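Taken from TrEMBL, the feature domain 'NADH:quinone oxidoreductase/Mrp antiporter transmembrane' covers A:137-366. What TrEMBL records for A:6-25, A:37-57, A:77-104, A:140-158, A:219-241, A:253-275, A:287-305, A:312-333, A:339-357, A:406-432, A:452-470, A:490-514 (among others) is transmembrane segment.
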Amino acid sequence: MSTLLRHLPVLPIVLPLVSGALLLFLPQGRTVLRSSVALLSTIAQVAIAAYLLYRLIVPQPGLLEHGVEVYVLGGWVAPYGIVLVVDRLSALMLALNAAIALPVHVYSLAHWDRVGVHYHSMLQFLLMGLNGAFLTGDLFNLFVFFEILLSASYGLLLHGSNAVRVKAGLHYVAVNLAGSLIFLIGVALIYGVAGTLNMADLGVQWAAMAPEHRSLFEAGVGILGIAFLIKAGIWPLNFWLPKTYTAASPPVAAMFAIMTKVGVYALLRMGSLLAIPEAPAPFAGPWLFYGTVATMWFGIVGMLAARQLTRLVSFSVIVSSGTLLAVIALGVTSATAPVLLYLIASVPAGTAFFLIAGMTERLRVNSVTEENMAPQPTTYTAFMAGEPHEVGDNEYDEVGVAIPAALAFLGMAFVSCTILTTGLPPLVGFMAKFSMISALLGAAMDQSSLDAWLLIVSLLAAGFAGLIALTKRGMRSFWSTGRTTPRLRFIEAVPVAFLILLCVTMTIAAGPVMNYLDSAAEWLHEPNAYIHAVLPTREVSP
Amino acid sequence: MELIYSLAVGIFCACGVWLLLRPRTFQVILGLALLSYATNLFIFAMGRLTLDRPPLIDPNVVPDASMFDDPIPQALVLTAIVIGFATTALFLVMLIASRGFTGTDHVDGVEKDE
């Protein structure tokens, strides 16, 4: 194995760290240079993630030969050192992250990267935190990456700061700081009982734990689970979410669409490793199930009530988080692969929707000239950077090559995203929902469980409510009389088209995609393989 | 020692939660600071409270686990302090920005009786 290849698993963390830090030192005025460095870094992350996926699909000797690669940071072996683990799930999440980061990045080049300072650095740090959270195999390291991505998200949320954003940001930061403290308390309790924070080792310890220690450990895991559920936006821990996502600038909100899925990923990962003999409360079972079904209904009501497109999409993000965790909580093994398909279908759709929302805002001429929506020149002076002259009085003051048939493009994109989000045929959203319901129906018939029926009803209701709300919203935006034809730049339209084409590709290549997801699901239900890869001498007996 | 220690953690935590639920931004930030003290002390306690046991191995003494303290919780606390400090500083900036934008120090940006 060549040296560079051996270090490939750590590159998704190191690369954005280095490029983000480098961007801090490049002068603010050099827009082209800064954008190129940042864009190169994002493209490289796409390439790395794609290569890791390729090696998983087409196994070759060397890297990822057995479907898992453990990168030992600093040469300290687990469980004493920190490990990064690339397996089918984390590679999938890395690829998903990169696949939405690139369009968001390109979209922001049109205008948004210049309404505040250090946008590119913060975006890179956010990517670093996300990639790290997907890769790490250590609980405390997961905390550190959560903090990195949250710190970057605080900065990004305030990007182009105005009164609305600062107010929403205040709540967002307060909730997340409290959430981080809860995370730490959970980690401390787990360490106090198990004496380790390595996730694989925790799986081993949990399976063999003495009964008198189990309750304390479960309490620790329960507290930790609450921290994850805050991130995932599960009712009643999600009241911060719609306000925050609505206040953020469009590319930032688009990037935030994956942030709730980090919480889902963490729950899925820990739940899988602690599944033997039985996963503790927040990772499976009735608590998680009823909480997430309530989340779905909360999102449904929110979608129907929302008057703004961004707010509506925020609620659809809540619904998708709820759906993912509800199906996971029900513990139907055959539904895991469809859930992963739903995950990779709903995230690009949400991202594209936020980007479209940024463009349709311009349809309503009067609504965006409010005084408090103008970017604040104080940000520039605070960072001792000259205010770039491109920024006008109005955030939406756009000069660009208008693409032909802008309205037709926006309308088509809107319809495609609606189809994806609500799970209508023919796109991948339908296949995801259909396969989930089919797996659930199987479970409902076999075990005659009411929970499965409840979930099926909720799933259908979520799709129906989304359809009503989005159709209503779309008619208001595109068929109302008081609108203007927006000027769209190619650089804004291409990312949206890319995201939708990505979903179309997933629809066409559904067979190979499902094969991959099936193997990922199988891997998740077999925690021993993960544990064995990290700790070659240990194993968990059921 | 255990009693005093746990009382300290509990009092910090109670004060922190109460302040966190107050409507003024400054109270919220103090509440978060107190809560983070409580959390840090709690992490430290999870490494077991011991006296006269260094977390470092003395090369002149034959290594014996019972003579040394667990260094991991101390490292965790250190990391948590640094991260907590940074995020609190960031929150402070937002607090001042919010005061500048809205002219009030209420967390919602508006006074309730207005």
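Heads up, the Cβ atoms here are built off N, Cα and C, so glycines get one too.
Any TrEMBL annotation is an automated prediction that lacks curation.
The stretch in closest packing with the transmembrane segment (A:6-25), judged by the count of Cβ pairs under 8 Å and taken from A:77-104, A:140-158, A:253-275, A:339-357, A:406-432, is A:77-104.
Residues 316, 320, 338, 341-342, 345-346, 348-350, 352-353, 356, 359-360, 463-464, 466-467, 470-471, 474, 477-478, 485-488, 493, 496-497, 500, 503-504, 506-507, 510 of the same chain lie 6+ residues outside the transmembrane segment (A:406-432) yet bring a C-beta within less than 8 angstroms of a C-beta in it. By the Cβ criterion (under 8 Å, sequence separation of 6 or more), the transmembrane segment (A:339-357) is not in contact with the transmembrane segment (A:452-470), since fewer than 3 such pairs are found. Taking pairs at least six residues apart, the transmembrane segment (A:312-333) and the transmembrane segment (A:490-514) share fewer than three Cβ pairs below 8 Å and do not count as touching. Packing against the transmembrane segment (A:490-514) from elsewhere in the chain are residues 57, 99-100, 102-104, 106-107, 109-110, 337, 341, 344-345, 348-349, 351-352, 355-356, 358-359, 400-401, 403, 406, 409, 413, 416-417, 420, 426-429, 431, 435: each is 6 or more residues past its ends and has a CB under 8 Å from a CB in it.
The highest tally of CB pairs under 8 A with the transmembrane segment (A:253-275), across A:77-104, A:140-158, A:287-305, is held by A:77-104. With respect to Cβ pairs under 8 Å, the transmembrane segment (A:37-57) is most closely packed against A:77-104, considering the stretches A:77-104, A:140-158, A:287-305, A:452-470. Below 8 angstroms of C-beta separation, residues 289, 293, 296-297, 299-300, 303-304, 306, 312, 316, 319, 323, 326-327, 330, 332, 414, 418, 421-424, 433, 436-437, 440-441, 443-444 of the same chain, each at least six residues beyond the ends of the transmembrane segment (A:452-470), sit close to that stretch.
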